[in-house]
Amino acid sequence: MKYTTATFATAMCNVLPAITFLLAWILRLEEVNIWKVASQAKIVGTIVTLGGATIMSLVGGPTIGLPWTKHHQNVPSTTTTTTNVVSPNELNPVKGALFIAAGCFCWACFYNLQAIALKKYPAGLSLTSLICMAGALQGTALTLVLQRGNFGIWSLHWGTSKFYASLYCGIVNSGIGYYVSGLIMNVKGPVFVTAFNPLNMVIVAILGSIILSEQLNLGRVVGAAVIVIGLYLVIWGTSKDQKSSKILVNTDENVEQVNKELSEVKSSNQTVIIGDESV
């Protein structure tokens with residue numbers, strides 16, 4: 001955020017599904033065959049979802065007058081009056097893009113590592129507890145280093161919005177979020193989980209319009225529609241791949257069963273022949 005704008009950072013963070021998809025492909029966590037329609041749908045859906053998130057972040061357009069936002073049309077935005085605007089001379093888009101890409105790469109590695117860990121350690125609650133405990137220890141160590149002598153940083157601020165926001169992030173975002181994503185990841189894979197990441201922008205835009213009376217423009221609506229189309233393609237491709245893999249597994253099991261029956265018949269025939277020869 002120090003080297004780029006908020007809009008640019010939001011758009012760049014939506015490359016997470018694409019990076020996760022590439023890593024899962026390399027690590028053989030995701031079955032991809034570019035000659036199959038299902039795999040093509042997953043690839044195109046990931047690209048379309050990224051494009052929709054970019055449209056929501058970068059494209060404006062005329063304001064859509066909704067009934068619950070009309071009385072706020074003439075009110076100036078609070079973000080433009082209270083937020084400190086960074087000077088263009090202080091911006092460094094290249095450095096900012098590299099930092100954001102590195103963060104998204106680490107986040108994608110975390111999702112793929114969680115998928116690998118769940119295969120060998122399927123206890124989702126225990127794994128979530130270990131992840132949260134490791135994050136708490138790392139955050140504590142980093143705070144001790146960066147905030148030396150600032151003891152006020154450890155204040156809980158009981159009853160304030162900051163306290164409830166921290167409580168919500170710890171319980172819902174970290175605890176429940178990691179556990180639920182692990183359950184889905186164990187069945188659908190890491191790409192399916194991260195494909196819904198750009199949907200956060202759609203939910204925030206809708207809730208912001210209803211609760212905070214924020215105005216929606218045409219770019220956000222078009223971007224949200226594109227994101228929904230991309231998610232549908234990813235979901236459809238994943239379901240098709242799972243159905244085909246189940247069919248292959250069933251056919252392999254049937255072949256093994258037939259081979260066992262044939263071997264049993266051959267062994268019984270051999271015993272009968274040996275018995276006849278002895279007689």
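Glycine too: its Cβ is placed from the backbone N, Cα and C atoms.
Just so you know, TrEMBL annotations never went through curation; they're auto-generated.
Here's what TrEMBL has on this protein:
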type: TRANSMEM; residues: 6-29; note: transmembrane segment
type: TRANSMEM; residues: 41-60; note: transmembrane segment
type: DOMAIN; residues: 95-235; note: domain 'EamA'
type: TRANSMEM; residues: 96-113; note: transmembrane segment
type: TRANSMEM; residues: 125-145; note: transmembrane segment
type: TRANSMEM; residues: 165-184; note: transmembrane segment
type: TRANSMEM; residues: 191-212; note: transmembrane segment
type: TRANSMEM; residues: 218-236; note: transmembrane segment
Confidence over the domain 'EamA' (95-235), expressed as mean pLDDT on the 0 to 100 scale, is 83
Hey, which bits of the same chain come close to the transmembrane segment (191-212), Cβ under 8 Å, at least six residues off its ends?
-> 10, 14, 16-17, 20-21, 24, 30, 42, 45-46, 49-50, 52-53, 56-57, 66, 68-69, 108, 111, 181, 184-185, 220, 223-224, 227-228, 230-231, 234-235, 238
Here the stretch out of 41-60, 125-145, 165-184 with the most C-beta pairs under 8 Å to the transmembrane segment (218-236) is 41-60
Other parts of the chain folded back onto the transmembrane segment (165-184), taken as Cβ under 8 Å at six or more residues beyond its ends | 111, 114, 118, 124-125, 127-128, 131-132, 135, 192-193
